[in-house]
Amino acid sequence: GWPAYPGRNGIRSSVCQKKLGCGWRKLASLPVCKAFCLARKRFWQKCGKNGSSGKGSKICKSVIAHTFEKAGKGLIKLTDMAVATIIKYAGKK
């Protein structure tokens, strides 16, 4: 099924960023976090509450919607790990 619509306020990039704790302590993940939240906002704007038909229908799949809703936290965690690793190796040279 189609995931619950986060609401007009819930799809806002700033709300999404706050929920994910973007840039809080970890500035490295901020650009990734912002990009994710913006993409998520655009997705919901295009697809609406129940996956609009029409121009956006190709991307308006429940699988994508669920992925967007679940990806946030994992994405930020991964970015932080990757950045930490890069910094670690960069420091060795």
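Don't overthink the numbers, they just go from 1 along the chain as shown.
Just so it is clear, glycine is given a Cβ too, placed from its N, Cα and C backbone atoms.
Annotation note: Cys37 (disulfide bond) sits in a helical segment as assigned by DSSP. The number of other CB atoms found within 10 A of the CB of Cys37 (disulfide bond), across every protein chain shown, is 23. Annotation comment: Swiss-Prot describes Cys16-Cys37 (among others) as disulfide bond.
Residues or ranges marked as disulfide bond in Swiss-Prot: Cys22-Cys33 (among others). Cys22 (disulfide bond): 22 other CB atoms within 10 A of its CB, across all protein chains.
Marked as disulfide bond by Swiss-Prot on the basis of a curator's inference: Cys47-Cys60 (among others). In the three-state DSSP reading, Cys60 (disulfide bond) counts as coil.
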**Asked** In whole Å, how far is Cys47 (disulfide bond) from Cys16 (disulfide bond) when you measure between their Cα atoms?
**Response** 17
**Request:** Counting other Cβ atoms within 10 Å, pick out the least crowded of the disulfide-bonded residues Cys16, Cys33, Cys47, Cys60.
**Result:** Cys60
**Asked** Nearest to Cys22 (disulfide bond) by Cα distance: which of the disulfide-bonded residues Cys37, Cys47, Cys60 is it?
**Response** Cys37
**Cys47 (disulfide bond) and Cys37 (disulfide bond), Cα-Cα, nearest whole angstrom** = 15
